[in-house]
Amino acid sequence: MRTIELLTSAEMAEVDRRAIAAGPFDGIGLMRNAGQAVASLVLARWPGAPRVHVLAGPGNNGGDGYVVARLLHESGVAVSLWASGKPRTGSDAALAAAECPLPVHDLAAFDAEPGDLVVDALYGAGLSKPLVGADARAVDKVAALGLAVVAVDLPSGVSGDSGRVLGRAFKANLTVTFARRKPGHLLLPGRELCGEVVVADIGIADAVVASIGAGTFANEPELWRAALPVPAIDTHKYRRGHVGVFSGGPASTGAARLSALAAARAGAGAVTVLSPGSAMQVNAAHLTAIMLRRTDDASDLDAFLADRRPSAFVLGPGFGVSEKLRDFALVVMASGEGEGPSGVEGLVLDADGITAFRDDSAPLFQAAGAANAPALVLTPHEGEFARLFADLAGDETLSKLDKARKAASRAHGVIVYKGPDTVIAAPDGRAAINANGAPWLATAGSGDVLGGIVAGLLAQGMPAFEAACAAVWMHAEAGARFGPGLIAEDLPQALAPVLRELLGDHAR
Ligand SMILES: NC(=O)C1=CN([C@@H]2O[C@H](COP(=O)(O)OP(=O)(O)OC[C@H]3O[C@@H](n4cnc5c(N)ncnc54)[C@H](O)[C@@H]3O)[C@@H](O)[C@H]2O)[C@@H](O)CC1
Ligand SMILES: Nc1ncnc2c1ncn2[C@@H]1O[C@H](COP(=O)(O)OP(=O)(O)O)[C@@H](O)[C@H]1O
Ligand SMILES: [K+]
């Protein structure tokens, strides 16, 4: 079971409540199902473990642990049960503990042998403070002995909402969560600490999950595949969208060409590099399918908008932080459908395009909020994000997901907050977390390619949030599949097989 909604701890608690109200399972029924799912996976994956140590906390996560301990014991496994705190009288966890015939040892005395397996059921969605005392010592001991860990719901110490570690956390080989994944399973460092994540069906109906209206998703093709542009049989190149990419001066033109190639590979029918006169020669020497047009100032840009009806732009890569950049961005943002002559769908601002607005972002954000404005997509890495949204970046109480959402709402644009756990957020509150990348993508120019893919999809009429999500996934997939030796020049070409698979029958 693997569906794409991600539930915060508050949303998951509400899902539990609604599921219990809807039946057929009550709280202890769901807990028995959860424990059964974990026990089955332990038996299937670690059939030879000499001993399984179940660590049970005071809440419902511990309740799941008592169920696991009982079921493994009934299956003939040697089980030691260690408790941190006691379940509250009358709780589901207290019922589960009462059903478990095994002796309960104090976690403070926890000990194990190399080769044993640990089931971590200390804290899950209810984690509210750092692990200390016997809990923290157990984490250290398990790490020192190198024991394999199966985490129930989340590795204890990892926040399900932010992926952050509170004090200390287990590093699991396998994490079994229930109904849906949580943001902390995808955000770093949580994702690293979870190991493999299995989502177990514990009898909560999809309709109950849907009733919550969750706005956070794993960035997987299911989220946007239906919105991917497919060329009609009678199309022509300009109907497939025309992307304009602004080039920097003679010594910094490569970034724009990377974006341009990527936009073309993403399916834009035509791509034009808009170059200052001083860089025409060097650009001309390197472009073949991509067109070239001299663009020195806003009036040149106006003429391009009027003559060539471009549908999306990339501005920033290699451009230089300048007043000219700000002018170009604001001209493009004023050329949306109904206002300007051309009906521009979107502007992707990356790199210098973000930095240029660090001290005065209001005109940009205001333009993006105007009726009929082109969609604004900002693609900051961590450093660029901090330049444009210093207050959000420095707020320790916010997760990466929260920061991207707040930034999107402020900018009236889609934020692609890049990194190994890229978060894509829309001004309407939707957000997605990406997890299919690989460190090979951390190479100069990789971000320029991403900006070009976003623009290529925007130009074909794909809505901005979906275009950004699809671009991030395709970029990550292409890079991860290429693997060692990847340089940014390889990425546009590596997109082709990824697109072919995504389009399925439409690729013929
Ligand atoms: N009926 C249900 O609602 C279901 C709940 N499930 C399990 O229930 C879990 C959530 O249960 P709870 O809400 O009881 O929360 P937890 O069991 O995660 O935490 C229990 C309590 O421990 C205390 N605590 C938190 N962090 C601590 C720390 N670092 N040191 C000491 N004490 C700490 C808090 O007071 C918290 O309320 C899920 O993760 C899942 O495993 C599953 O059994 C499925 C059904
Ligand atoms: N460790 C990583 N794992 C997966 N993706 C990564 C990692 N590091 C960087 N990336 C991705 O690589 C791209 C780098 O973009 P950026 O930082 O703008 O680089 P550049 O400016 O050199 O093009 C982003 O899409 C980012 O999400
Ligand atoms: K846990």
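Cβ coordinates come from backbone N, Cα and C, glycine included.
TrEMBL: automatically predicted annotations, no manual curation.
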Further binder of K(+) named by TrEMBL next to N61, S156, taken from the candidates D16, D111, D116, D120: D120
Same-site AMP binder from G447, G451, G452, G456, given that TrEMBL records K418, G419, P420, D421, T422: G447
Close binding-site residues near A125 ((6S)-NADPHX binding site), where close means Cα within 10 Å, chosen from S156, K418, P420: S156
Pairwise CA distance, S156 (K(+) binding site) versus S128 ((6S)-NADPHX binding site), rounded so that it is a whole Å: 11
Sequence-ordered binding-site residues from A125, G419, D421 with Cβ under 6 Å of an atom of ligand 3: none
Spatially closest candidate among N60, N61, G63, D120, S128, the listed binding-site residues, to G447 (AMP binding site) (Cα to Cα): S128
Residues close to AMP site centre defined by K418, G419, P420, D421, T422, G447, Cβ within 8 Å: H381, Y417, N434, G437
Rounded mean pLDDT for the residues that make up the domain 'YjeF C-terminal' (220-502): 96
